[in-house]
Amino acid sequence: MAKQEDIFKNVISHAKEYGFIFPSSEIYDGLSAVYDYAQNGVELKKNIRDYWWKSMVQMHENIVGIDAAIFMHPTTWKASGHVDAFNDPLIDNKDSKKRYRADVLIEDYAEKLNQKAQKEIEKAKARFGDAFDEAQYVATNERVKGYLDQKTAILQRMAKGLDSGDLADVKALIEELEIACPESGSKNWTEVRQFNLMFGTKLGASADTAMDLYLRPETAQGIFVNFLNVQKTGRMKIPFGIAQTGKAFRNEIVARQFIFRMREFEQMEMQFFVKPGEEMKWYEYWKETRLKWHNSLGLGAENYRFHDHEKLAHYANAAADIEFNFPFGFKELEGIHSRTDFDLKAHEQFSGKKLQYFDTEENRNYVPYVVETSVGLDRMFLAVFSKALQEETLEDGSTRTVLRLPSVLAPTKAAVLPLVKKDGLPEVAREIVDDLKWDFNVAYDEKDAVGRRYRRQDALGTPFCITVDHQTLEDKTVTIRHRDTMEQQRVAISELRGIINNEVSMRNWLMKM
Ligand code: ATP
């Protein structure tokens with residue numbers, strides 16, 4: 001556990017030290033769960049977005065993109081259910097003045113029971129060796145069964161209270177379980193209240209005419225309200241998709257874990273409109289396709305898993321998460337949801353406008369069903385960045401920090417380094433930069449010994465270092481060093497563009513899908 005925490009701390013400090021992510025308005029001590037992308041972070045983030053956009057929009061004839069505004073007519077959020085149901089139950093501790101999610105307090109308690117049961121199981125496993133029958137042990141051992149039954153009963157009672165709006169019972173449960181504030185140990189709790197996660201704001205100049213608005217909590221609704229505009233002007237035939245990337249805002253009650261849970265974040269979403277009855281086929285298709293996309297980045301298939309939802313949101317008839325093995329364990333990275341015709345029908349009802357498709361093959365109108373893929377860009381960043389950051393021990397016993405970013409996503413593709421700051425080497429290096437910069441993000445660095453410059457580029461994730469030395473002046477060759485293997489090759493300057501392109505082109509990476 002301690003090790004995982006150390007890895008995560010290291011990720012956060014590396015992101016800051018090497019200009020990837022800064023806390024927002026840091027000179028004023030920051031703003032909780034809000035972050036700024038720095039000079040290298042913005043490039044990595046842009047490359048992830050481009051990689052997604054290319055695979056979704058450019059590579060699919062039947063998917064187009066839009067960029068809807070963050071402000072939307074407030075009725076949008078009535079129709080989508082966000083005004084009434086986008087809530088988390090919160091509770092305050094009166095002594096510590098700390099605020100918690102009531103469901104998380106209860107779930108943490110239930111998880112402790114689960115861990116107690118697992119501990120007993122591990123002990124028994126060690127005692128009985130090969131002869132151990134876990135299922136039988138769990139079913140018959142009174143203590144273990146007790147822990148697990150209690151856990152299930154607690155979670156069921158909580159779900160019932162939340163679903164039926166009986167928040168007094170949720171509070172009663174917290175009191176009966178004697179759950180204390182993790183900070184102060186106090187059991188002096190307020191009532192449980194529902195807390196809407198949307199940020200409100202106002203549009204308009206004077207107080208009496210101003211309109212209450214929300215900052216969008218998801219990008220999806222911008223797609224639904226434009227469904228018919230896009231279908232008609234793009235002459236789209238079902239099945240087709242509309243993709244969008246952009247900011248979303250949620251007033252998360254407990255926002256922790258760096259850029260995993262932010263209050264302002266970016267989503268990459270695609271809504272795929274299909275014929276009613278065909279949604280499960282497409283749901284399976286998109287689950288598989290999205291996993292392939294993640295795997296194409298080469299971070300290791302063992303770091304992804306599906307989690308199928310048993311409890312479905314009000315709009316869904318099937319839902320799964322792609323979970324990623326973050327430094328703090330497997331957690332949701334992307335959601336794939338079969339949203340039925342819930343959203344379009346709701347917008348029809350609230351707007352009084354028809355949002356239907358005329359199917360020429362079937363000669364009838366219908367409201368399409370929707371399969372959604374929704375991935376957080378910041379969570380993708382954290383997934384890639386945390387897996388890429390590695391400490392290596394080299395053959396000579398020394399260590400190096402290397403950010404093994406998939407080269408297609410690396411902020412800078414190559415750094416050009418004159419071996420010394422004289423004899424005309426900087427001039428030649430600059431000529432190489434001036435040529436390569438038409439195609440790639442490249443850096444020039446002449447400060448410090450060349451070994452230290454290599455290490456710095458390793459820590460930034462730059463796939464190639466190109467070194468200009470005295471031989472370059474004679475025969476127009478340079479050494480090119482590969483980040484991952486540290487191998488060096490002597491190549492002609494004229495070959496550089498081809499070598500770099502072969503390694504970083506999206507074409508070559510996406511072909512692996
Ligand atoms: P969670 O259960 O983690 O709160 P969610 O199920 O509410 O997530 P969705 O509404 O399905 O998330 O949003 C789709 C994606 O948007 C998520 O898979 C995640 O990658 C991203 N996302 C959601 N909330 C946040 C947040 N507060 N900060 C960063 N990314 C987020």
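Yeah, the Cβs are placed from backbone N, Cα and C, and that goes for glycine too.
Taken from TrEMBL, the feature substrate binding site applies to R101, E218, F265, E266, Q267, M268, E269, E372, T373, S374, V375, G376. Summarising the annotation, TrEMBL assigns coiled coil to 107-134. Annotation source TrEMBL lists domain 'Aminoacyl-transfer RNA synthetases class-II family profile' at 142-418. Marked as ATP binding site by TrEMBL: 250-252, 260-265, 332-333, 376-379.
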**OP:** Whole number in angstrom, please: the longest C-alpha to C-alpha distance across R101, E218, F265, E266, Q267, M268, E269, E372, T373, S374, V375, G376 for substrate.
**Re:** 27
Subject >> Close-lying binding-site residues around ligand 1 among R101, E252, E269, T373, where CB distance stays under 6 Å >> reply: E252
Original post:
Counting other Cβ atoms within 10 Å of each Cβ, which of the binding-site residues E252, E269 scores lowest?
Top reply: E252
Original post:
In angstrom units, rounded to an integer, how far apart are the Cα atoms of L377 (ATP binding site) and E269 (substrate binding site)?
Top reply: 10
Subject >> Distance check against R250 (ATP binding site) for the binding-site residues R101, F265, Q267, E269, T373, keeping those with Cα within 10 Å >> reply: F265
Original post:
If you count Cβ atoms within 10 Å of the Cβ of T373 (substrate binding site), leaving out that atom itself, what do you get?
Top reply: 24
Subject >> Three-class DSSP secondary structure - L377 (ATP binding site) >> reply: helix
Original post:
Near R379 (ATP binding site), meaning Cα within 10 Å, which of R101, F265, Q267, E269, T373 (binding-site residues)?
Top reply: F265, Q267
Original post:
Whole-number Å distance between the CA of F265 (substrate binding site) and the CA of E252 (ATP binding site)?
Top reply: 11
Original post:
Same-chain residues six or more away whose CB lies under 8 A from the CB of Q267 (substrate binding site)?
Top reply: E218, T219, T245, G246, K247, A248, S374, V375, G376, L377
Original post:
For E269 (substrate binding site), which of the binding-site residues R261, R263, L333 has the nearest Cα in space?
Top reply: L333
**OP:** Could you state the whole-number distance in Å separating the C-alpha atoms of L333 (ATP binding site) and T373 (substrate binding site)?
**Re:** 11
